[in-house]
Amino acid sequence: MTYQEYLDGKPVVVTAALTGGIHGKETHPGLPETPEEIAAAAAACEEAGAAIVHLHARRDNGERAFSTERFQAVTDAVRDATDDLVIQHSTGGTAAPDALRAEPLRTDPAPEMASLDMGPMNRGRRLTSENTRDTIDGLHAEMRERGIKPELEVFNDGHLNESFRILDDLADPPYLNLIFGPGTLSPPSPANLQHMVDQLPDRAEFNVIGFGPHQLPLTTQSLLLGGHVRVGLEDNSYYRKGERATNEALVARSVRIAEELGRPVASPAEARDLLGL
Amino acid sequence: MTCPHLEYREGDGSREFETARAFCTVAERFVQPVRADICTERYDLDPEADCEYFREHEGLDWDE
């Protein structure tokens, strides 16, 4: 979790966020939505060097789905299409009630990891991902019960406080995901990323997400700071200005940059060791 | 209940989809999945209370 770790050639874990739940094919016709499309994207990303896939589920018409049944279809398809990827399910969701938010944790087998939002995030004028402490604690308890490693989603500085609140309840290493973008996310800048990393406890591992055009520079900065990276169409539709991306192209670019910078890319097995799965 | 301005369409003249997707006839575009939660009043969302496109179309202020 330090520049020294970069110098020491610590392996980097690359997570591919394949589809998300915010935009769909109306935004990017190549965005995978069906279980089969998501599985094909996962296999391509594994081939490109990803160790973890972050999964959402969709209805047939592309709208978001939280049900265990739909997540089961997605995770089964991904497991069939891939060799050894770490499966990470999203529990985030605007306006969805707590009972639904827990459903992605209840697949068989349970996902090895799941996201755990550390506080609210606004979308549009009247939509909010609430993520009350009660919601967080409920999801966290179920993750612990099922042996699921939480990835703490830190949308801004205040969510670091909320992460520290439950830090003692987390198995080592705590894994925090620092997210930069518009609205209630941390303003995207190298200075803000450095500032957040400076506040992390030594025993933590961190991952960086930059939305849209911030994906490339901020994940690259994470490589230099000993952190990990998440890329994919959930966070960024474009490879460069005016050119739509694919999930595997974004992963392949991260892998190339990491290797050029001297960070070996972790296999799924190495990622499990690094993150204590 | 769904928004009276919601239609499910398989295309808009320039794009075609295999499965009909949520289309807002006020904004005249396909809507993102998260916004379709408002259109279809999932999770107690309500177009009249929560949708800026609906409210603008109806001439409603946010203070009302």
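Cβ coordinates come from backbone N, Cα and C, glycine included.
Your range for region 'Disordered', going by TrEMBL and the list A:89-108, A:109-128, A:129-148, A:229-248, is A:109-128. Secondary structure of the region 'Disordered' (A:109-128) per DSSP, as helix, strand and coil residue counts: 0 helix, 10 strand, 10 coil.
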